[in-house]
Amino acid sequence: MITSLILYGQFFTRIPIPVPIDEPQEKFNKGIQYLTLFGLILGALEALVFWGLSFAFPTWLCWIFLLVIDGMITGGFHLDALADTADGMFSSRNKEKMYEIMKDSRLGTMGALALIYYYLIMIGTTYFISGHLSVLQNVFLAAITIMNTKTGISLIFLRITNSKKEKGLLKSWGEIAPWRAIGSQIFAVIVIFLALNWKGLIAYVAAALFVLVYKHWINKQLGGFTGDTLGAYASICQAIFLIIFAAVVKL
């Protein structure tokens, strides 16, 4: 477990962790059941900063700081994937051209719009939610929000279909045992319920159901997942969770 957590820290963040990992591809796949736990650890660290900032700033502003801090820690890892996916999938081109566009490092119009929409949703929902929760509840939600990037990824790993274009680590995704992804989701459900009660579970179910739509769309358009389309759902999962949570927070 510790090896998997270290590996995920090296892969998903810019935090320097000078620990050599043997056979990283195999350990990445065999540790998927710990992916949400890694997300929670990362979320707890960022939520701790959120809590500290709450003594000096209004809660809604702390949420904006959280987005900035997360971007600095992760290097915008999933946001880059979201932008590339939007550029490719909404290009109205054939499959081969979509792959080519997604591999292009330049930011296109649809990618820019996707990032704008993402931040509008994140800032708008958290601004609304922050007024209906205590500071401590906001701290819990901050941790869950960061955790959900990894919860979303592990949802995709449940019976994933790989693009034939992918090689190496990406090509091996299809070898991930379903029970590992399920274990990650069970952990997420328990944490979300303890932190946000049934309202959080409703938001989780919405994100879990939407992944079926997303998978169908990606498989239909590309014939399988790429690194970008996988990473994009991390941000999509966050946004859907907060949209639904905002809808039920006053109930």
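Just so you know, glycine gets a Cβ as well, placed from its N, Cα and C.
Quick look at what TrEMBL lists:
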| type | residues | note |
| --- | --- | --- |
| TRANSMEM | 34-57 | transmembrane segment |
| TRANSMEM | 63-86 | transmembrane segment |
| TRANSMEM | 107-129 | transmembrane segment |
| TRANSMEM | 135-158 | transmembrane segment |
| TRANSMEM | 201-218 | transmembrane segment |
| TRANSMEM | 230-249 | transmembrane segment |
How about long-range neighbours of the transmembrane segment (230-249): same chain, 6 or more residues beyond its ends, C-beta under 8 Å?
77-82, 84-86, 118, 121-122, 125-126, 128-129, 132-133, 141, 144-145, 148-153, 155-156, 160, 173, 196, 199-200, 202-204, 206-207, 210-211, 214
When counting Cβ pairs under 8 Å to the transmembrane segment (135-158), the leader among 34-57, 63-86, 107-129, 201-218
34-57
State the residues, same chain only, that lie 6 or more residues beyond the ends of the transmembrane segment (107-129) and have a CB under 8 A from a CB inside it; answer 'none' if no residue qualifies.
60, 63-64, 67, 79, 82-87, 89-91, 101, 138, 141, 145, 235, 238-239, 242-243, 245-246, 249
Restricting to the same chain and to residues at least six past its boundaries, which positions have a Cβ under 8 Å from a Cβ of the transmembrane segment (63-86)?
12-15, 42, 46-47, 49-50, 53, 57, 101-104, 107-108, 110-115, 118-119, 122-123, 126-127, 130, 138, 142, 145-146, 149, 227-232, 234-236
